[in-house]
Amino acid sequence: MGDEDWEAEINPHVSSYVPIFEKDGYSGENGDKFNRTTASSSEMDDGPSGRDHFMKSGFTSGRSYGKRDAGESNKRENTSTTGGFGVGKSFGNRGFSNNRFEDGDSSGFWRESTNDCEDNTTRNRGFSKRGGSRDGNKSEASGPFRRGGRGSFRGCRGGFGLGSQNSELDPDQGMQRGGGLFGSGRPAASDTGNGDTYQSRSGRGRGGYKGLNEEVVTGSGKNSWKSEAEGGESSDTQGPKVTYIPPPPPEDEDSIFAHYQTGINFDKYDTILVEVSGHDAPPAILTFEEANLCQTLNNNIAKAGYTKLTPVQKYSIPIILAGRDLMACAQTGSGKTAAFLLPILAHMMHDGITASRFKELQEPECIIVAPTRELVNQIYLEARKFSFGTCVRAVVIYGGTQLGHSIRQIVQGCNILCATPGRLMDIIGKEKIGLKQIKYLVLDEADRMLDMGFGPEMKKLISCPGMPSKEQRQTLMFSATFPEEIQRLAAEFLKSNYLFVAVGQVGGACRDVQQADLQVGQYSKREKLLEILRNIGDERTMVFVETKKKADFIATFLCQEKISTTSIHGDREQREREQALGDFRFGKCPVLVATSVAARGLDIENVQHVINFDLPSTIDEYVHRIGRTGRCGNTGRAISFFDLESDNHLAQPLVKVLTDAQQDVPAWLEEIAFSTYIPGFSGSTRGNVFASVDTRKGKSTLNTAGFSSSQAPNPVDDESWD
């Protein structure tokens, strides 16, 4: 028997053939290398030359590894279609067509006569369903009666075995479900609400080993909201299906109330100046007792180790309790999360809650939105801590996890919803929550939430049906940086009489962080980093780079040099991101190489060092990065590599940040700052502009120079924030 005699090699009476690929031929849940195969024009040729080509290669007529060419349905009715291992099948991409085959035979690895094939319709066989390994589905039709399986060796959207002969239409979802011997029976077609339209999908990853494994996101006959362009939630609507379900956090009381140890400089917070602008601001409080919180909240505050208010808490808590809108700007690690959670919980405990697990539609009273998955999960853990033992239930939803898991968490009862923008809009689009009861809308890292990355999503949110107007809800914004442009954008979200709280130097770095700048060329950075890390030893260190590829490259390099390192960035699966943070948090890997996805809000204990391997493009991002150390009165150190060829635009704002934080400024940096003309100290095309006071005062003192943070990030290197 010849090597290429495929038909004779397969015995239809034995168990299904499961091919074994080399380890690197399969990339897990993200699909495999076959799914990314692009076909040449000859591979997509249905004519005789195309067939002869593949017969010479050992494949039977009309088979290829390439992609099935896209065409209109009338071109498909009398022709066989080039597919994967058989007609109508493919390991690669397939174009847009309704896949109707009126004539011709579509065989897989073997032929099988059947009485079910009537009217010259095609049975679909092959490796994956679009046919299982043995049989495909009986009927194929456009619209909702699409073939039931679209699958794989393992049965994703179909299966390896026999496809269903009589697919069943799901009347609720407008989908036809097809089974398989090992099939999942999951829907193959999606209804957009009228029951007649098939939601076509194409592109990479449909069919092949392990199959599509995608999740169909549709509306319910109403508007279906799309997620943000930065890619955080796009996996819910295209590409491989997200199946990851994060493990639940520990439920024991000791784990819930595990808290950050305050540092030696915590008492210095009392000396920080605070400015409140706006009319009729309530007076600040000095102790938690003055807030008149309920006993349960006071007990939880004590268990969490809170004994003294930070400046942002002294001013923000009474303002929120008074029902005023607030924009608060305070340095990193100064307790902003507790500043808005405690008064919101106090109101809920006093006024009662509306959402419960016994209601069909959950209507949370509070929505908290943050730009990154890690930050929103951190806020949720704080909300769970302070609401312990109360009737208030906090829920967290974010991208990179199974959508069904998010929905299940919500339907069990949701009073406080912590979410990333993309997943939040998906849940709203699916009408899994109602917005009519919203009393509090909180934007954490608000400058990032309102810039060009997330601004459109936030505008969609406040214009959603049922969302109370800004006059009927309380809107709160918190961040360490509030550029002038962001303050102007915020007026669309806040009442006109909102209060502005500025704690210390707005946009300035924490003085508990010792900053050092080293002049290092691009090609000398790796060796310098290695030298520093070897001197540091096992002290916990975060290394920031600008691109996702470089994060993995540097992490691999350090591991090769026997330094335990992990990485986190937007291209890593959520499971991998959480594993990396866990390894770093618990000391398994003392070095974490990260991109901007980890720059904001992350509160990891005992981070002693931050190294800017690449300086960011904006000075406010620099402030957020170095704010991962020196938190809650603890001291830390930040080292930045300054490249003369790429970082000159940061010289002037960097000098200003160092000076304001009472740090030593290197002579070479001052020379660059004052010899380089950047129209930004007088208005720049690069850099950042901070407002040290409320912009409603008519004028503001600029702390640093540069370009507005509303500038769009580099689309090549931008993070998948959500």
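Cβ from N, Cα, C; glycine included.
Per Swiss-Prot, compositional bias 'Basic and acidic residues' is recorded for 21-35 (among others).
What Swiss-Prot records for 66-78 (among others) is compositional bias 'Basic and acidic residues'.
What Swiss-Prot lists as phosphoserine is SER220 (among others), and the listing cites similarity to another entry.
Annotated phosphoserine per Swiss-Prot: SER224 (among others), in sequence order, evidence recorded as similarity to another entry.
For 226-245, the entry in Swiss-Prot reads region 'Interaction with RANBP9', with the evidence type similarity to another entry.
According to Swiss-Prot, the motif 'Q motif' annotation covers 286-314. Across the motif 'Q motif' (286-314), mean pLDDT in this model comes to 95.
The domain 'Helicase ATP-binding' annotation in Swiss-Prot covers 317-500 and rests on sequence analysis.
The annotation ATP binding site is assigned in Swiss-Prot to ALA330, GLN331, THR332, GLY333, SER334, GLY335, LYS336, THR337. For ALA330 (ATP binding site), applying a Cβ distance below 8 Å and a minimum sequence separation of six or more within one chain yields THR310, PRO311, VAL312, LYS336, PHE478, ALA480, VAL501, VAL503, GLY504.
Positions annotated as motif 'DEAD box' by Swiss-Prot: 444-447. Tertiary proximity for the motif 'DEAD box' (444-447) is limited to same-chain residues at least six positions away from its ends with a CB under 8 Å from its CB atoms, namely 327, 336-337, 368-371, 375, 379, 477-479, 481-483, 486, 490, 600-601, 620, 709.
Residues or ranges marked as domain 'Helicase C-terminal' in Swiss-Prot (evidence: sequence analysis): 528-673. For the domain 'Helicase C-terminal' (528-673), the DSSP-based tally of helix, strand and coil residues reads 65 helix, 23 strand, 58 coil.
Annotated phosphoserine per Swiss-Prot: SER720 (among others), in sequence order, evidence recorded as similarity to another entry.
Sequence-distant contacts of the motif 'Q motif' (286-314), counting only residues of its own chain at least 6 positions beyond either end whose CB sits under 8 Å from a CB of the stretch, comprise 253, 257, 259-262, 266-267, 269-270, 272, 274, 321, 328, 330, 334-336, 338-339, 342-343, 345-346, 349-350, 385-390, 501, 503-504. Within 8 A of the CB centroid of the ATP site residues ALA330, GLN331, THR332, GLY333, SER334, GLY335, LYS336, THR337, the other residues of that chain are THR310, VAL312, ALA480, ARG631. Every protein chain shown contributes to the tally, and the Cβ of THR337 (ATP binding site) ends up with 23 other Cβ atoms within 10 Å.
Shown are the binding-site residues GLY333, GLY335; of these, the residue with the fewest other Cβ atoms within 10 Å is GLY335. In the motif 'Q motif' (286-314), helix, strand and coil residues by DSSP number 17 helix, 0 strand, 12 coil.
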